[in-house]
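See below for the structure under consideration.
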Amino acid sequence: MTDKKHITGIILAGGKSSRMGTDKGFVKFNNLNFVEYSLNALRPLVTDILIVSDNKDYDAFGYKRIEDDIKDAGPVAGIYTGLKASKTEYNLILSCDIPLIKTEVLKRLIDGIDASTDVIQIESNGKTMPLIALYKKQCTHVFLEALQNDERRLRRVLNTCKTKNIILNSDHSATMNVNTKEELKTIENEYNG
Ligand SMILES: Nc1nc2c(ncn2[C@@H]2O[C@H](COP(=O)(O)OP(=O)(O)OP(=O)(O)O)[C@@H](O)[C@H]2O)c(=O)[nH]1
């Protein structure tokens, strides 16, 4: 396994949150903001953490915040901005809307590191999760090229990278992303601690 000191955690916390209606990172669940669940899951595995967002309110968490290089271009731009700023070869990239995420799930990505793969992503219930994934810094140029070609579809960009999926056979709830108030109600009913 790669040493903890070689991995940067990058949290994407930009975008419009149009389905939720308010910035998803600050939605409260069990007294914490959604983004804190991503931070807490990452912290044991990394030494550096970057939050990619134009919203200054994220400064309250005490981590380095960087603003999107290219605006309104979605997660492809967020990943590009984060990878470009990272100083490490390996980067754990997470969205800010996965409040049930666990460190053990992220650790499986690190355990999956091999020399020939650029992106290692979780696959849960048959669905790949490019925002619960480990990216090599060398992917930066792939994301820049995509943005220069107006390609905003993350899965399309990943088709041009060497990817590998880590299949979860349990813990599927850990990867659930919560985009709407209805989905928030569902997890409040099922997972309130
Ligand atoms: N830095 C950055 N992060 C983004 C951007 N767009 C989306 N994200 C993040 O990517 C993750 C997935 O976002 P989505 O749910 O696809 O998009 P969204 O704009 O947040 O929400 P919707 O408007 O409801 O689609 C979340 O963690 C977002 O904060 C962006 O342009 N820049």
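Cβ coordinates are placed from backbone N, Cα and C, and glycine is handled just like the others.
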Exercise for the section: Please pick, from D97, D111, D114, the residue that TrEMBL records in the GTP site together with L12, A13, G14, K24, D68. Expected result: D97
Completion exercise
L12, A13, G14, K24, D68, D97 bind GTP per the record; greatest CA separation between any two, in Å, is 18
Exercise for the section: Could you check the binding-site residues D68, D97 and say which one's CB has the fewest neighbouring CB atoms inside 10 Å? Expected result: D68
Problem - CB contacts for K24 (GTP binding site) [other CB atoms within 10 A, all chains] - result: 25
